[in-house]
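Report on the structure given below.
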Amino acid sequence: LATTRGRRVVVAVSGALGVAGALLATVDFFLSTARVPYFLGIALLGVANCASQQLRFVAAAAVVPASQPRALSVGIAGGTIAAFVGPELAKASRTSLEKEYAGSFLAMAGCYAALVMFTLPLREEGPAAAKSASGVSVEGDEEDEPPPTYEEDEPPLPPTPLKQLFRSSFSARKGLACVAVSWAAMFVVMSAAPVAMIKAGHSFDDAATALQYHMILMFLPGLLGTGDCVRVMGPDVVAIAGCALYVACGFFTYAAEGGGGDASSRDGRVSLWVFQAILIALGLAWNLLFVSGSGMMTPAQCSPTLTRAECVRAQGVAETASFGAVAVVAACAGVALDEIGWAALCACLMPLGAGCGAYVLIERAR
């Protein structure tokens, strides 16, 4: 759909699905029957969230290749506004309706409606549009060859199989691994953090504030130079730095809780600053690994082995893999928190970060 109709349509449709999903979840709070509308709504919200991630590639496609890392980074940095507004909106809307949390889903529907209204008037313009208008590519190359034509009885060639697509591009393979691990490693801790904080005796507002710090560090570095770091040092170096920070997050949390002392309260519960510190570092690790992994999947990095259309397909596969991993870790995080505890759950970051960093180094050495 992104290749044939453009990403604007994809983002608008995802926003509409988000509105429908949030409204279904809201209605379910007032029903005494089975929770079918709620689960259906959550499923639609998952699809909407996954598809809306394409916005960063829209930003990258609108600029010349040399500026694509910065465009990706700045596009992701838009989440900084959500980091400030989201938790405050959750606090304000949690008890706004008769059923607790119903107001939060209604507010979410309003946010997705705003996305649709913002996206529909946009036009997809960028270097490709400039090239078609001038006859010269934005990099200064000569005019591209016209698209191939087919005889009336000759169908177009089928798309490249996904296995062959990723086998032919080491940059796409690295990008897929980095983006998927960035989401999985971050979400396994972030999704369990509010429950762990409440179990440790901290309030809902404390948990919301800690998540706010986390979200700020997820997105704000995009405005402060993550994209420039990718452009200057290369995506591999930035990705390895993000992996190292994931490992450090896991080690710090395990050592802080196990060591007691200043990190734990007198009754053995984890102090608030420990949760805040791990979530802040986790947000920065996600930003480094996610931005660098996304940069690896741009046409500028994947060419000449992949065409622009094949890059779009690879990006879609990366989104599917990422949120498939998120679904798995989200389903397991709560059970793991009860079974092995907060410190051991955070320790899972160490093999994830180390494994992804090692894979990037291996692919880089080939």
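Here the Cβ of each residue, glycine as well, is placed from N, Cα and C on the backbone.
Automatic prediction, not curation, is the source of TrEMBL annotations.
Through the fold, the transmembrane segment (9-32) approaches residues 1-2, 38, 40-45, 47-52, 54-55, 58, 97-99, 101-102, 105-106, 108-109, 111-113, 115-116, 119-120 of its own chain, all at least 6 residues removed from its boundaries and within a Cβ separation under 8 Å. Taken from TrEMBL, the feature transmembrane segment covers 9-32 (among others).
The transmembrane segment feature in TrEMBL is assigned to 38-59 (among others).
The annotation transmembrane segment is assigned in TrEMBL to 71-89 (among others).
Under the heading transmembrane segment, TrEMBL lists 101-122 (among others).
Marked as region 'Disordered' by TrEMBL: 131-158.
Feature annotation from TrEMBL assigns compositional bias 'Acidic residues' to 139-155.
Below 8 angstroms of C-beta separation, residues 166, 204, 206-208, 210-211, 214, 218, 239, 242-243, 246, 249, 270, 272, 275, 278-279, 282-283, 285-286, 289-290, 292-294, 296-297, 314, 317-319, 321-323, 325-326, 328-330, 332-334, 336-337, 342, 345-346, 348-349, 352-353, 355-356, 359-360 of the same chain, each at least six residues beyond the ends of the transmembrane segment (176-198), sit close to that stretch. Annotated transmembrane segment per TrEMBL: 176-198 (among others), in sequence order.
TrEMBL lists 210-230 (among others) with the feature transmembrane segment. Sequence-distant neighbours of the transmembrane segment (210-230) (same chain, 6+ residues past either end, Cβ-Cβ under 8 Å): 69-80, 82-84, 86-88, 186, 190, 193-194, 197, 237-238, 272, 275-276, 279-284, 286-288, 291-292, 295.
The transmembrane segment annotation in TrEMBL covers 237-255 (among others).
Below 8 angstroms of C-beta separation, residues 56-57, 60, 68-69, 72-73, 76, 171-172, 174-179, 181-183, 185-186, 189-190, 193, 196-197, 200, 202, 210-211, 213-219, 221-222, 226-227, 230, 235-236, 238-239, 241-243, 245-246, 248-249, 252-253, 302, 318, 346, 349, 353, 356 of the same chain, each at least six residues beyond the ends of the transmembrane segment (275-296), sit close to that stretch. Taken from TrEMBL, the feature transmembrane segment covers 275-296 (among others).
Listed by sequence, the residues of this chain that lie at least six past the ends of the transmembrane segment (317-336) yet keep a Cβ under 8 A from its Cβ atoms are 46, 49-51, 53-54, 162, 166, 175-176, 179-184, 187-189, 191-192, 195, 293, 297, 344-345, 348. Under the heading transmembrane segment, TrEMBL lists 317-336 (among others).
Here TrEMBL flags 342-362 (among others) as transmembrane segment. Distant neighbours of the transmembrane segment (342-362): 174, 177-178, 181, 184-185, 188-189, 192, 196, 200, 236, 239-240, 242-247, 249-251, 253-254, 256-258, 270, 278, 282, 285, 289, 333, 336; these residues of the same chain sit at least 6 beyond its ends, with a Cβ under 8 Å from one of its Cβ atoms.
For the transmembrane segment (71-89), the residues of the chain that approach it from at least six positions outside its boundaries are 55-60, 62-63, 104, 107, 111, 208-209, 211-212, 215-216, 218-223, 225-228, 230, 287, 290-291, 294-295, 298, judged by C-beta separation under 8 angstroms.
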